Structure formats: structure tokens, C-alpha cells
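J.: Take this structure first; my questions come after.
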């Protein structure tokens, strides 16, 4: 088995913790004040997550403010425009919530969300998020490697892929009343991608439980892939032998592939992927291969034609 | 004066009101920009808003003739030039947003976009087609060209509007609701024109027929 070596971050780039905390405090206050003014109280009742340790997998880049992370969302279950999710998520009930693990595993199990929160130590991972629409953010997610969960259910030798199924309930998710995508939302990863330590089973961001519009109560984050690969509000994880057909593959087979690795050299058929706009910045910046995680994940795809397997 | 024929003084007020109303989307955008309330991706927001209003004014301009026929309000025709120029105005803002804010004069990327991206190719074509129409939107040019040639030139607004709507349809990721609303409205406006043309030609034929019968 390959051992994983994180990219070293020079000491000079590491923000002193006091400064980091002070900045975060300010951001939260600033975010809180402006959000409190316009948000119904129920939406702002975020719970602080206890004992979150910093992860070495974190990027040292400047964080995208919480107000942008939580008000600029692609979450078609709550509407297709970016501001609709934050407005419409009040109807989502995140308790009780279970995640069913089934398929090619020796120990199929139904996890309660509160057990998932305690299953492994929570880590804060600052990841770049690159959307297929050519914008990006830097988000301090909270969670732990999906591998932690996968190890516990013991995939069989037949398990080659993992399929993630999101909640399907048009009463809670009003966007599902329109057939924009095939519901429930389905995503998937190859088993080795799912086992990669960067693949995060995500339960929070900015030190608190996930806001509903960011995929509460539990989602996946695969930072080297376009954002749509990171399924939100997951209720089922299936281990399968055949490559799953995802919602976006069905919606546009020529535009959205199974792999969807961030790749500046492979354009979306309708727009360029060479550059991206980092939210909060004016000039576009160059998009990095595998969203800057090439050292970590490129080995997963050696010998593969990434133009064909887009 | 009747509702069908406003006198010049009243029409002047109507024009001033339409002028101010047509500036409202820009004013709203400027106010939001000033209040730092354009959301997480202000450039995208400005691009969408200016594009939306360029298309909307294009359709409003195309609605003038059918509305005049349906209502009999002849003065509506005298608003058409201003409405068309507002379509051009918002299209210029839309294109400038792309050029300056979005691409920041990255000519290489812009060249590639125009050649390789069908939605940009067609949107850019629509914008180019609008330019001669805007330049000839004055009485002097109508006189110089002559009514017939001027009208022929200005029928470019049809391919331009179609290109604009296709541009919108091709750029959205998945949810086609809004572009299809524009497409349906444009279809209606063009359909009405075809219907009028058909009715007119029947009337003409009938008239010719009657004259022939009388002379026979």
C-alpha cells in the first residue's frame, strides 16, 4: 500500500494560531451581524463543533468569508440559482438522519448522524473548491477521511465503486419538484478515490455543523474534482462493482463525465477551464491541475487518458 | 387628443417617463454595487443583469409594432427608437462587462472564446448586428438611406434577437426555464408578425380581385 506524504507547508506560510483565531472571530462576527439582520432565526442556529483539530492537509490560502460560502451555492435541490439555496433550506430537517451503507460490504450498517459525528476525531481541512462553472473558493471544512468509515464496513473484493445517494424528498427539498436533474442526486467515486485520505466525509465548516445550504448534515468533499462530484445531504452509500451513472452524467453525458477531475487542459465543451475566478478576487487566476492536489492524487490516474475520461 | 393619438406635449412626458424607467435596472445595479450587495460573484451578477435587460429591451422593442396593431395606439411607434437604443445600451454594458471586468482585456482568451465557444460566438454576432442599427437610429440616416433601405437594414433586429435568445439558451448549465421564456415570447412576437403579413397579403389580393371585377 502506498503511504501518503502531504506537501510540506513552509513555516513562513503558517498563520500563527492567535492571528488565525482572531481573524476567524472577526469573520464570524462580521458574518453574524450581517446575516442576523436578514436571516430567519432558525437558519442561524448553528452548532459549534467541539474539539476540532487542525489537519496537515490544509491549504494556507486566504479563506473565503462565511457569508459567501453560505450564500453562493449550487444546490439544485433548493433551486438552480446561487442565492436560492440559502433562502429555501429552512424546510430541510437534519434530525433524525441516518446514512445507510449497503452493497458489496461485509458489514452493512445504518449510521445515525450523531454517531458519525463521534466516529473519528474531527479535523479542520482548508480545501480549495473549484466549481465546473470556473469559479473557486477556499473553505475550512470539518470532518474526517471517508476511509475511516469505509474501513469499518469492510468492502468485499467485488466493491470497485462507491455510489452516494442524496436525500429525495420534494417536501423538504422544493427544487426536486422540477425535473432539472434526475432525483435523487447520485454521485460516485472509484473505490481508491473514495479511500484517498483527501476525500473528506464532511460534517461542518468554519468550526460549526454544516449550514443546510452547504449539504447538511453530511456530505463528501473531493477537493481535486469539480464541486458537483461532492454529493450533499447523503442518505445512502452503496458499494458496487459497476461504475455508477451519476445525475450529471445523465443530464449531459457529453459535458459531465464520471471522473470530473479539475483539469485546465480539458475544457468543458461550452467554456474554458483554463482559468477561474476566486470568489472575492477581481482578476482570474490560472486553474491548477487536479486543483493543486496533483502531488497527492495524480498517481491515481497514471496511464489514463484524462481527455477521454473527463 | 385621444388615447390613440397623444399630442406632442403629453408624448414628451411619456417619453421622459419611459426613459427614466428604462434606467432603473442600471440604477438598481449601481446602488447594489455601492452598497457592496452584488453577492459573492459581483462580476457574474453584473454580466447576468445587463445581459438580461439587453434581451428584455430587444423583446420590448419587437413588441411595439404588434401592440400598436392590437391597441390602435399610434404613438407607441414613437417610443420604438428609444427602446431599441436602450437594448443597445444594455448590450454595450453587457459586452463591456465581459471585456473589462470578466476577461480584463485578455485578448488571447477573448479570441479563443469568440472562435471556440458557440454561445459567445453567437452572442458576439448579435452584438455586432446591433451596431449598424444603433448608428442609423436617427432621422438624418433614415433620410439618407431612404425608408425602404432603412427598413431592410433594420430587419436585422430579427436575426439579432434570435441570436440573443440562442446565446442565453446555450450558456445556462441546465435550467432552461428563463431562456425558454424569452424564446417563447420571441416566438410569439415573430408569429404575430407572420400572421399580420398573411392577413395583409390576403387583403391586398382581395382588393386587387375587387378592382379586377369592377373593371371587367
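Every residue, even glycine, has its Cβ placed from backbone N, Cα and C.
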J.: Under TrEMBL, which of the candidate ranges B:102-118, B:119-135 is annotated transmembrane segment?
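T.: The range carrying the transmembrane segment annotation in TrEMBL is B:119-135.
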J.: Among B:51-70, B:82-99, B:119-135, B:179-196, point out the range having the most Cβ pairs under 8 angstroms from the transmembrane segment (B:156-173).
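T.: If we count Cβ pairs closer than 8 Å to the transmembrane segment (B:156-173), B:119-135 scores highest.
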J.: Report the DSSP secondary-structure composition of the domain 'Ferric oxidoreductase' (B:50-164) as helix, strand and coil residue counts.
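T.: Once the DSSP states are binned, the domain 'Ferric oxidoreductase' (B:50-164) shows 102 helix, 0 strand, 13 coil.
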J.: May I ask you to check whether the transmembrane segment (B:119-135) and the transmembrane segment (B:82-99) make contact, with contact taken as at least three Cβ pairs under 8 Å and only pairs 6 or more apart in sequence counted?
T.: yes
